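Undergrad: This is the feature table in TrEMBL:
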- A:23-47: transmembrane segment (TRANSMEM)
- A:53-74: transmembrane segment (TRANSMEM)
- A:95-115: transmembrane segment (TRANSMEM)
- A:135-154: transmembrane segment (TRANSMEM)
- A:161-180: transmembrane segment (TRANSMEM)
- A:200-219: transmembrane segment (TRANSMEM)
- A:239-258: transmembrane segment (TRANSMEM)
- A:286-308: transmembrane segment (TRANSMEM)
- A:343-364: transmembrane segment (TRANSMEM)
- A:370-398: transmembrane segment (TRANSMEM)
- A:410-428: transmembrane segment (TRANSMEM)
- A:448-465: transmembrane segment (TRANSMEM)
C-alpha cells in the first residue's frame, strides 16, 4: 500500500525534464545537418579529392553506434555534465582525465572557431549576391562573432522549440534537394559508385572518415543531459542512437545524391569549382528561387546554431575545470546577474577573435584554411577523445562490480576502440591528403602534434597537482559535483586510485 | 430572503475586523552600527542580500537565488534543532511543529516524504517554491512590498524593501566585519556561507583585498559540520545549475 502514496517531490522535480525529442534536437543542433551537407561534404570532396565520402558517413555512423553502446552504459552510472573528461578520469585515472580535458578544450575550440570561417564566407556571399554589397568574409565573421560573444555572456542559447523548427526545416530542405538530385542524375543513370564498400580500403579513406566524424561532432553531448531527463536510463540511450542514425543517413544520402547529380567522376571537380554553392547550384534549375533563398538562410542559421552550441560547450568545460581548480579558479566564476560562466565565455570569445584576426591579416581562405582545416582538426580531436573514452569504458567496468552484460561493457567498447583507433591511424597517415597539401609539408604534423602537446601538458599538470595539491587532485573528474572548498572531503568511493 | 441570518454574520464579521492588512513597520530608530530591531530569519536576510536594497531588483541570477533561499530555509530548521545534515543527507531529528509557518511547512514536507533524503534533492525541490514563500513571509511582517514593474510584455513582480536601512543592514554588517577581519557570529557565518556558495560574495567584498576573501572562506570553513554539509551541497547544486542552463 505504501506505493499508493503520492511522491510529490519526484513529481515536482520531473516538471520541465527533457524527453527524447528535446535531447535529440539539442545535440543535432550542434552537429548542424545543413552545414555538414552543404559545407562539410562538398568541401570534403574538394579538398581531399576522395569520392568515398558518402560511404564514409555510413561507416562512421556504424562505428559511432558501436561506440555509443558502452558510452551510454557508462552514462547510466556517472551522472555528470563532464562527459569525456569524467569518463576517462573514472576509467583510466586522473592524469589521463586531465589530458583528455585539454584535448577536449582544444578540439571544441577548433570546431567552434573553424565554423566562423564557414559562417563568415557563406553569409558574405549570400548578402553580396543578394544586395550587391562588397562585404569581406571576415567582416561577416566578426559580426557573427559579436552576436555569439554577447549571447554567451548573457547565457542565452537557442530555445528548444526554435531549434526544433529550424532543424526540421533543415532536414526537409536536405531531403527535398536529395530527391531532386537523385531524380535528375548526370548522364541519365543513377550510380551507386560512391557508396561502394570498396572505398573503405582505398587510398585517402582516412581523410574521408575524419571528415565524416567531424560532421557528427556534437552527438556525444546527449550524456550531458542525463541529469535532466525524465528517465536517464532510457532517454539518453535512445536519443543517442536516434541522433546517430538520423544524421548518418541524412549525411550519407545527401553526399551520395550530390555525386549522382554530378556523376561520380565529376563530383570532386564540381566541388572544387562551386565550393559550398554546389548543392544549391545542382538543384536551382528545378526549384523556384525563393526556395533556394530559404535554403541558403537555413544554411546560415544552422552554422549559427552550431557556433553558439560549441561556444557554450567550451565555456562550460572551462567552468567545470575552474571549479575543480584544475584550471585557475577564476574560470569557476559566474556572472552574478546572469549566471553565465563568464570567464570561460570571454576566454573562448577572445581566442576566437584572435584567430579570426590572424586569418584576416594573413589573407587565408576562409572555407579551406579555416572552416575545413580547423573543423576537421576539431574532428580529429574528438576522434582521439572517443578512442580514449572507449578504452576508458572497458577500464571502468573492469574495476567496478556491475550487472551489465559483456556486450555493453567489453565487446562493443572493445570493437569500437579498435575501429576508432584504426580510423585514427588511417587519418594520421593521410593527414596531408586531408589538408590537401604536399605529403612532405610540415603542416601535416602541426595539427596532430598540438593534441599530443596539450595531452602531455594535461598529464604533467595532473602529476604536479598530485604532489603539490593532493586535495585538488583527489577531486578531479567530479565536475560540478565537486564539493566546494575544503568543507568536506570529496566522495571518492567510485574514483580509481 | 436576502438578509443574512444573524448568527452567520456574527461568525464572519469579527474575523474581518480582526484581520488587519500588513502594515509597514515603524522605521526603527537606531544608532549607526546597531543591529536591526526585530530578530531576523536567515532566509529573510539572504533575500535582502540577494536583492537591491532600494529597488528590490535581483542582484543574483534566478537559480542561485532560489537554491540559496531553499538552503536558508533548511538552515533555519537546523538552527531550530529540527533537522540536521549527515553527509549528503537531511535527517529530521525533531518533527514537532516550529512556530514559524514557513518553517512548519518545510519541516512537514521533509517528514512526509522520508523516501527522499538527499540534500541536493531537497534543495532542488524547495528551490522551486522558496522565492515566493520567503517573499510572502516577509510581506506578512511588512518587510517588503510587492510592486509590478516592467513593460507590457515583461511585467513581473518585484518585492521592494519597505525600509532601505533594514534591507541594507545585513550587507553593511557582513561587508564591514569582513573588511575589518572581525570574527562573524554564528548567524552571520551561515549567511556569509550562503552568499559564498551562491557566488554572491563579490557584492560583499567589492573592491576589498584578496585577504578579505580568504578571511571569509576561513570563517565559513570553521562553521559547524552540519552547516558545512549543507553549504557543500548548495555549492554543487548552484554549479550544476550553471552547467545545465538552457534558455526556455
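Using the three backbone atoms N, Cα and C, a Cβ is placed for every residue, glycine included.
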Undergrad: Are the transmembrane segment (A:161-180) and the transmembrane segment (A:239-258) close enough to be called in contact, which here means at least 3 C-beta pairs under 8 A that are separated by 6 or more residues?
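TA: They do touch: at least three Cβ pairs between the two stretches lie under 8 Å.
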Undergrad: Hey, which bits of the same chain come close to the transmembrane segment (A:286-308), Cβ under 8 Å, at least six residues off its ends?
TA: 29-35, 38-39, 112, 115-116, 118-119, 122-123, 126, 130, 144, 147-148, 151-152, 157-158, 163, 166, 169-170, 173, 176-177, 180, 184, 218, 276, 280
Undergrad: Please give the sequence-distant neighbours of the transmembrane segment (A:200-219): residues at least 6 beyond its ends with Cβ less than 8 Å from one of its Cβ atoms.
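TA: For the transmembrane segment (A:200-219), the sequence-distant neighbours (Cβ-Cβ under 8 Å, at least 6 residues beyond its ends) are 27-32, 36, 40-41, 44, 48-50, 52-53, 55-57, 59-61, 64, 111, 240, 243-244, 247-248, 251, 306, 309-310, 375-376, 378-380, 382-383, 423, 425-431, 433-434.
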Undergrad: Taking 3+ C-beta pairs under 8 angstroms (sequence gap of 6 or more) as contact, is the transmembrane segment (A:370-398) in contact with the transmembrane segment (A:135-154)?
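TA: Taking Cβ pairs at least 6 residues apart, the transmembrane segment (A:135-154) and the transmembrane segment (A:370-398) are not in contact, as fewer than 3 fall under 8 Å.
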Undergrad: Please report, as numbers and ranges, the same-chain residues at least 6 past the borders of the transmembrane segment (A:343-364) whose CB is under 8 Å from any CB of it.
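TA: Sequence-remote neighbours of the transmembrane segment (A:343-364) are 109, 112-113, 116-117, 120, 136, 138, 141-142, 145, 148-149, 152-153, 311, 314-319, 322, 330-333, 370, 374.
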Undergrad: Same-chain Cβ contacts of the transmembrane segment (A:53-74) under 8 Å, 6 or more residues past its ends?
TA: 41, 44-45, 87, 90-91, 194-197, 199-200, 205, 208-209, 211-213, 215-216, 219-220, 222-223, 236-237, 240-241, 244-245, 247-249, 251-253, 255-256, 259, 386, 389-390, 392-394, 396-397, 404, 407-409, 412-413, 415-416, 419-420, 423
Undergrad: Looking at the transmembrane segment (A:95-115) and the transmembrane segment (A:410-428), are there 3+ C-beta pairs under 8 A, with each pair at least 6 apart in sequence?
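TA: These two stretches do not touch.
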Undergrad: How about long-range neighbours of the transmembrane segment (A:410-428): same chain, 6 or more residues beyond its ends, C-beta under 8 Å?
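TA: Hits for the transmembrane segment (A:410-428): 60, 63, 66-67, 69-71, 205-207, 209-210, 213, 380, 383-384, 386-387, 390-391, 393-394, 397, 434, 448.
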Undergrad: Who are the long-range neighbours of the transmembrane segment (A:448-465) in its own chain, taking Cβ under 8 Å and residues 6 or more past its ends?
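TA: Cβ under 8 Å, 6 or more out: 94-103, 105-107, 326, 377, 380-381, 384, 428, 431, 472-473, 476.
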